[in-house]
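> What Swiss-Prot lists as domain 'Fe2OG dioxygenase' is 190-294, and the listing cites sequence analysis. Annotation source Swiss-Prot lists Fe cation binding site at 217, 219, 275. Residues or ranges marked as 2-oxoglutarate binding site in Swiss-Prot (evidence: sequence analysis): 285.
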């Protein structure tokens with residue numbers, strides 16, 4: 001799609017064909033049919049070694065083994081900071097298109113604004129707008145790609161990034177200890193942890209049953225922390241897409257999910273959350289995803305293989321190579337789906353009119 005916004009498309013009565021997904025990819029559960037299967041865990045007392053820490057750690061480990069996804073409350077991130085970050089994000093997407101498009105990141109730019117981030121070659125696009133920026137390592141920050149509107153964006157997002165980095169490392173400590181390792185092991189395996197923040201805006205959609213806000217995927221990195229509003233739309237599956245649940249929004253909570261890197265480091269013990277985002281025709285939705293990723297040259301290989309197990313990777317590889325392979329598989333799948341769609345469309349064109357509308 002050429003640079004632009006979804007604003008004008010959101011007001012149409014029919015969904016643009018660029019967003020219409022094949023039937024097997026369409027939502028099976030509505031955005032507001034919530035499930036309470038995803039654990040909500042209070043972190044109050046997690047620093048009390050002789051207090052509640054043991055029970056909190058047990059709950060986190062169980063959630064990672066069963067789902068790879070859970071929610072945390074009492075996490076220590078200031079509520080005013082969360083409110084400011086949310087307000088600024090909403091204000092950014094309410095800006096006139098020309099203000100957002102000053103930070104257009106199409107064409108390979110690192111950071112900024114884009115409509116429907118998707119793999120090159122994909123036939124179908126996601127129904128979302130995003131603004132993204134890279135906040136760690138600090139030395140690599142390119143403030144020219146960070147929005148300068150609304151006022152206060154940089155100051156608040158810097159503080160938010162710092163607090164989320166701290167929370168992510170604390171959660172990785174828990175998982176390291178559960179694996180029988182030193183508590184810094186998972187963080188150290190990232191070498192020089194990268195942090196990317198993606199603010200997602202999902203406008204109202206004229207035909208939400210035909211599309212997705214964000215297609216089904218697992219995150220490539222170590223761990224992701226998601227702040228979402230109360231609308232609903234985040235969905236997860238743990239049976240390879242046979243059944244989906246919509247995660248119940250919890251005020252002030254962060255949804256935490258493990259990525260592929262975390263999955264491999266645990267030798268498959270902790271699941272990489274399989275998830276997607278659906279949209280609706282009643283209201284827009286906002287979410288802020290903080291991706292904690294390893295450095296490109298970090299090693300991807302199990303940190304510990306338990307007795308009786310085999311390593312789930314044949315050999316160590318770098319995160320850059322792991323990511324390249326993942327994107328390669330996704331691109332090939334997208335190419336095959338695009339060819340299949342073109343073939344179906346071609347057959348429809350070749351049909352007599354009376355058969356097409358029969």
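Heads up, the Cβ atoms here are built off N, Cα and C, so glycines get one too.
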> Using the centroid of the Cβ atoms of 217, 219, 275 as reference, list every other same-chain residue with Cβ within 8 Å of it (recorded Fe cation site), in sequence order.
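Here the nearby residues are 214, 216, 218, 224, 257, 259, 272, 273, 274, 276.
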> Taking the Cα atoms as reference points, how far is residue 275 (Fe cation binding site) from the residue listed as '2-oxoglutarate binding site' in Å?
16
> Per DSSP, what is the residue tally for the domain 'Fe2OG dioxygenase' (190-294) in helix, strand and coil?
9 helix, 44 strand, 52 coil
> To the nearest Å, how far is the Cα of residue 219 (Fe cation binding site) from the Cα of residue 285 (2-oxoglutarate binding site)?
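Given the Cα positions, residue 219 (Fe cation binding site) is 20 Å from residue 285 (2-oxoglutarate binding site).
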> Within 10 Å of each Cβ, count the other Cβ atoms, then let me know which of the binding-site residues 217, 275, 285 comes out lowest.
217
> Please report the Cα separation of residue 285 (2-oxoglutarate binding site) and residue 217 (Fe cation binding site) in Å, rounded to an integer.
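With distance taken Cα to Cα, residue 217 (Fe cation binding site) is 19 Å from residue 285 (2-oxoglutarate binding site).
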